[in-house]
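Student: Sharing a structure here in structure tokens format.
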């Protein structure tokens, strides 16, 4: 049986934060805020490499067709990234980080289901912050050794892989299934908010030295890690609340009665404790067993290609904007970095919209495949007409971010939580982090390949890069065809498309 976790120190220090002084709804909101800040800080510290690419690498001219030419002999930049193969080396940095991240994700989920998620999350955040700062120290130490930067990125990727399985598992412990898509869609905006904060901070201080673009986001991650350690409560029962896994939304928002304070709830508390002890006494689900759960492999395959596209934009969009004339003018490093945040603003709206729609129609796969198919013409339009004016570029970039990040957000949050708590698991709450890690870990393999391929394909022109992105979206949609058809069939048999309560994700 898993031992009971220690309550966060600040909760013990301030008795008024405990029940009956604070309700279950209060603590659920607190958990959502803390985990939001935690993962936003992860992404803020992940953003600097994309911002400093145009400073570390050579300034490469383009011809009239926007085809990248060979760099001139008197290039600026930071060795070893300012040579003829500078763009490819920057792509290898992305590969080093994201490969370690994707591999670490599988192990992180497995470990997360077996230990205190709060302490594990703090460990990942502290390590991520320290190694992000260490990368920036290369500026002041005047380091020009490729092995140093690659090693730092690999270790940082391993620490960052701890974050996602932890925060999704913790939120899954606190949130019921009703309105899960909307709640997690809003909550998952931490990814885009973190990207925006990282972009603005890294771009704003880039001119005083690129090292600061790493040090400040790294320090932010460490600061938020301290807040997580002090205030985050992993599960309702850790603070005196006892809830069924299938608790309804009404129950979650109601005034909760602590087990130890309710005289009339003794028998009910015993039953609830038995449920919790049963769940905790069940062995954590095996890695291969989790892969065989209905829907896991298909959604993981979809996320492989969907995340490939999202992370190519994450790591290369500022560089693309910098080297592509908008209204006949090439933007500065700072302006290109700030303008790229529009994609993430669209991502915030896309994640919320996808979650809301999937709740309304009770069909995660149909929602995801619709967004994916619509994103294909959006990317074509952005590539073809984004250079006409700043307004056109901004609008099409927003639309692309909305449609690309919508399914990516939905799959990594609500879908993963659905699959990790589906009825076939018979109440085993110790599968959520493993399932989440499988889905996002597989997606992260695609995320590692996308930026690397973009680095190589960009030398043949950006049209080639966009063709790769569109092809990836098409393959992502293919993985969901059978699931979407299954959901449509169920809805047609039921004679309704809109649902007032969400069940588990429909699987074949």
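Each Cβ is built from the backbone N, Cα and C atoms, and glycine gets one as well.
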Student: Give the range, chosen from 271-292, 337-358, that TrEMBL lists as transmembrane segment.
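Tutor: Here TrEMBL associates transmembrane segment with the stretch 337-358.
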Student: Please identify the stretch among 147-174, 186-206, 212-234, 296-317, 431-453 with the greatest number of Cβ pairs below 8 Å relative to the transmembrane segment (337-358).
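Tutor: Checked against 147-174, 186-206, 212-234, 296-317, 431-453; highest Cβ contact count belongs to 186-206.
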Student: Let me check one thing: do the transmembrane segment (212-234) and the transmembrane segment (365-385) come into contact, meaning three or more Cβ pairs under 8 Å with sequence separation of at least 6?
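Tutor: No, the transmembrane segment (212-234) and the transmembrane segment (365-385) are not in contact.
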Student: Residue list, the transmembrane segment (465-486) vs rest of chain: Cβ under 8 Å, 6 or more residues beyond ends.
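Tutor: Result: 295, 298-299, 301-306, 308-309, 312, 316, 320, 363, 365-366, 368-369, 372-373, 375-376, 379-380, 383, 404, 407, 446, 450, 453-454, 457-458, 505-508.
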Student: Is the count of Cβ pairs under 8 Å between the transmembrane segment (186-206) and the transmembrane segment (365-385), pairs 6 or more apart in sequence, 3 or more?
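Tutor: No; fewer than 3 Cβ pairs under 8 Å.
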Student: Using Cβ atoms only, state whether the transmembrane segment (25-42) and the transmembrane segment (365-385) have three or more pairs under 8 Å that are 6 or more apart in sequence.
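Tutor: When sequence-distant Cβ pairs are counted, the transmembrane segment (365-385) does not touch the transmembrane segment (25-42), since fewer than 3 lie under 8 Å.
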Student: Where among 119-141, 147-174, 296-317, 431-453 do we find the most Cβ pairs under 8 Å to the transmembrane segment (365-385)?
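Tutor: Looking at each of 119-141, 147-174, 296-317, 431-453 in turn, the most contacts to the transmembrane segment (365-385) are made by 296-317.
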Student: Does the transmembrane segment (431-453) reach the transmembrane segment (87-107), going by 3 or more CB pairs under 8 Å (6 or more apart in sequence)?
Tutor: yes
